[in-house]
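Scroll down for the structure; my scribbles are underneath it.
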Amino acid sequence: MELAPGRILSQRYQIVRQLGKGGFGQTFLARDLHLPAPDRCAIKQFKPLSNDPDTIETARRLFETEAKTLHELGEHPQIPRLFAYFEEYGEFFLVQEYIEGEDLATEIAGGVYNGNEEQVVALAIEILEILDFVHRKNVIHRDINPYNLIRRASDGQLVLIDFGAVKQVTTRLGQTVSTVAIGTPGYFPSEQAHGHPRKASDIYAVGAIALQALTGQTPDRFPLDPRTGEISWQPSIATGADFSRVLDRMLRYDFRERYSAASDALTDLRKLNQHREISKVVTRAVKSRTRLIPKSPPRLTFVLGSIGAIVLFFAGYQVFSVWKTARNLSDFYERGNTYYQLKRYSASLASYKEALKINPNHAGALKGRGDALLALKQYKGALDSYERSIEIEPDNWRAWIGRGQVLEKLGKRQEAIETFDRALEINPSAWEAWQEKVAIYLSREEYSAAKNALDKLLKFKSDNAVFWYQKGWTLQNLDDYEAAIKAYDKALDIEPDNADAWYQRGNCFHRLQKNNEALESYGKAVQFDENHAPSYYSQGTILQKAGRTEEALTAFAGATRANPRYYQAWLQQGQILHQLGRYGEAISAYKKASRIDSRKAEVYIAMGNSFYRSGKFSDSIASYQKALERQRDNADTWKSLGNSWFNLGQYGKAIEAYEKALKYRPGDREISSRKQEAANRQREAIEAKKLEEQQSPKAQPSPNH
């Protein structure tokens with residue numbers, strides 16, 4: 001299922017944008033529309049790789065079990081809370097707390113640890129403290145790596161995300177679950193690679209991260225001992241003997257020689273930290289008692305004779321020093337700008353920091369540092385940098401825009417809008433400020449405000465297809481479909497192959513009941529993107545209502561070809577095939593829909609109807625019963641069940657079903673009539689049986705011989 005911005009899941013969560021994509025699925029930023037002020041959350045989409053019913057059912061069971069586990073783990077303040085989980089169109093979704101921040105991989109690459117053993121020990125303790133909670137819940141994470149540890153922007157705490165066990169729902173179940181290897185190469189040991197993870201496997205991953213923080217190299221870059229399989233790390237790293245012993249035990253090839261759980265490793269690392277603190281205290285005490293030995297004073301005549309030369313030397317040196325300092329400052333600043341343009345944000349940040357060592361009040365370097373920190377998702381630091389830059393240069397409109405961007409990331413959207421307004425006061429041509437305001441208004445569904453901002457933005461950037469698309473979407477949500485079509489036309493003038501714009505244009509024509517134009521637009525969408533399933537589906541709905549049944553069937557088939565897990569498209573195919581009297585094909589389509597989502601009663605009702613029309617009353621009974629397991633209060637389904645029993649001559653069961661139907665729809669004449677007919681048939685059957693028994697000759701006793 002395609003999740004474009006604006007798509008609503010479970011009638012509650014609206015997709016804002018994609019956050020990430022991997023082999024197991026995708027992660028999206030979304031808004032919870034059921035809250036008074038729609039709040040942001042992270043939605044993780046998992047797609048089973050097989051449509052096989054056994055795979056889907058096993059995936060569903062695994063998913064529900066793991067979701068419950070995640071809910072329990074969310075009690076910890078450094079693990080994202082699970083808000084909800086659900087299944088839709090045969091795919092599985094987790095709704096979790098959205099964590100703003102920078103991943104540990106970026107932090108390590110930025111040289112934060114730089115081989116500092118003390119800092120690396122502190123990092124390992126920080127990770128293990130979270131992992132200890134996880135292990136005490138008898139859970140194995142299975143995918144601990146620097147990308148799954150986020151430094152939360154709001155408080156600087158590490159947050160552990162993306163528990164690997166949930167990813168089992170998406171694997172091919174041709175393998176048994178126990179043999180599925182989940183994890184990131186370099187961070188999981190041999191037993192996990194063979195599908196047998198243990199708590200000690202997580203300890204290995206923490207050791208690998210510590211190794212990376214010490215060296216800046218990912219663990220898969222280290223050679224392995226060909227005889228033992230151990231990582232050969234000690235020859236290339238200078239660490240204290242105590243820490244070496246701990247790290248060596250964390251990284252052992254044989255899990256039996258590793259720490260068995262996080263608590264054991266924590267104990268040794270905390271002892272190591274305590275010894276360090278004691279050592280520091282002793283060192284400070286020794287230094288405080290040390291006295292410097294004074295040197296012999298130079299001869300006065302030498303001093304007087306040298307004064308002139310020294311004065312001249314320092315005067316010249318001062319001029320040279322000022323020139324060199326200014327040049328170094330400029331070099332670091334320009335280097336930071338270059339790295340930023342190349343999207344090498346950590347290197348950019350390091351250069352700006354060097355510039356600020358020379359001049360802490362360089363407004364440009366402060367603003368540049370803010371830009372780099374913003375790109376690295378270190379929002380609190382970015383905000384501080386922008387505000388310091390603004391203090392020095394209050395009219396730096398770009399710094400004001402940066403400040404607004406950070407405030408938006410921190411959820412302070414109204415303050416962000418006011419900040420963008422300040423940038424526009426300084427520079428009315430700052431179109432970037434209008435762009436940011438548009439994004440905020442759209443995220444808050446304030447479409448009138450978004451329209452006004454887009455009008456301003458498009459005066460500066462009328463050649464941007466994205467902005468015209470946004471205007472079309474805004475006008476569409478304001479029910480101004482004619483104007484929305486014109487905006488989409490502008491976008492398509494710039495990008496004629498934009499399938500999404502063609503699709504939304506078609507939706508506008510459909511709302512205006514201009515179905516021929518809508519069909520033409522949907523046709524263009526699938527011309528440019530043959531896998532644009534929503535366009536095929538929309539074609540099908542229009543054609544079906546127009547009575548163009550065969551064409552509608554072809555369109556719905558296109559939707560399921562583009563997305564084989566498109567539940568609604570399979571359901572619609574089944575309905576059309578049923579109308580055409582092609583009951584066997586209809587049943588096949590309904591079965592595919594039920595494999596995608598077996599929780600809905602509607603698909604079993606429809607399947608039951610097709611079985612009934614085929615004269616397969618036992619199968620129709622089974623389908624109706626499944627529907628009633630999911631929706632007990634449906635009078636029509638009870639009536640259909642009664643009809644099926646009636647046709648099998650099971651009049652007692654038919655009467656029971658009709659009585660249930662009347663419970664939910666009292667006084668219904670048709671159902672009452674059917675119940676009476678079943679009662680009459682039952683009475684006739686009983687009387688016929690009695691008559692048959694009376695007419696049959698009684699058995700005569702055999703004569704005695």
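Along the chain as shown, the residues are counted starting at 1.
Every residue, even glycine, has its Cβ placed from backbone N, Cα and C.
According to TrEMBL, the protein has these features:
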| type | residues | note |
| --- | --- | --- |
| BINDING | Lys44 | ATP binding site |
| COMPBIAS | 666-695 | compositional bias 'Basic and acidic residues' |
| COMPBIAS | 696-705 | compositional bias 'Polar residues' |
| DOMAIN | 13-278 | domain 'Protein kinase' |
| REGION | 666-705 | region 'Disordered' |
| REPEAT | 329-362 | repeat 'TPR' |
| REPEAT | 363-396 | repeat 'TPR' |
| REPEAT | 397-430 | repeat 'TPR' |
| REPEAT | 465-498 | repeat 'TPR' |
| REPEAT | 499-532 | repeat 'TPR' |
| REPEAT | 533-566 | repeat 'TPR' |
| REPEAT | 567-600 | repeat 'TPR' |
| REPEAT | 601-634 | repeat 'TPR' |
| REPEAT | 635-668 | repeat 'TPR' |
| TRANSMEM | 300-320 | transmembrane segment |
- Task: Give the residue counts of the compositional bias 'Basic and acidic residues' (666-695) per reduced DSSP state, in the order helix, strand, coil.
- Result: 27 helix, 0 strand, 3 coil
- Note on the structure: Contact set of the repeat 'TPR' (329-362) with the rest of its chain, CB cutoff 8 A exclusive, min separation 6+ beyond the ends, reads 106, 109-111, 368-369, 371-373, 375-376, 392
- Note on the structure: Its residues classified by DSSP, the repeat 'TPR' (499-532) shows 27 helix, 0 strand, 7 coil
- Note on the structure: Here the 10 Å Cβ neighbour count for the residue listed as 'ATP binding site' comes out at 22
- Do you know the mean pLDDT across the repeat 'TPR' (363-396)? 94
- Under an 8 Å Cβ to Cβ limit, what residues of the same chain, 6 or more beyond the ends of the repeat 'TPR' (363-396), are close to it? 100-102, 106, 110, 151, 153-154, 156, 332-333, 336-337, 340, 343, 345-346, 348-349, 352-353, 355-356, 402-403, 405-407, 409-410, 426
- Note on the structure: Per DSSP, the repeat 'TPR' (363-396) contains 27 helix, 0 strand, 7 coil
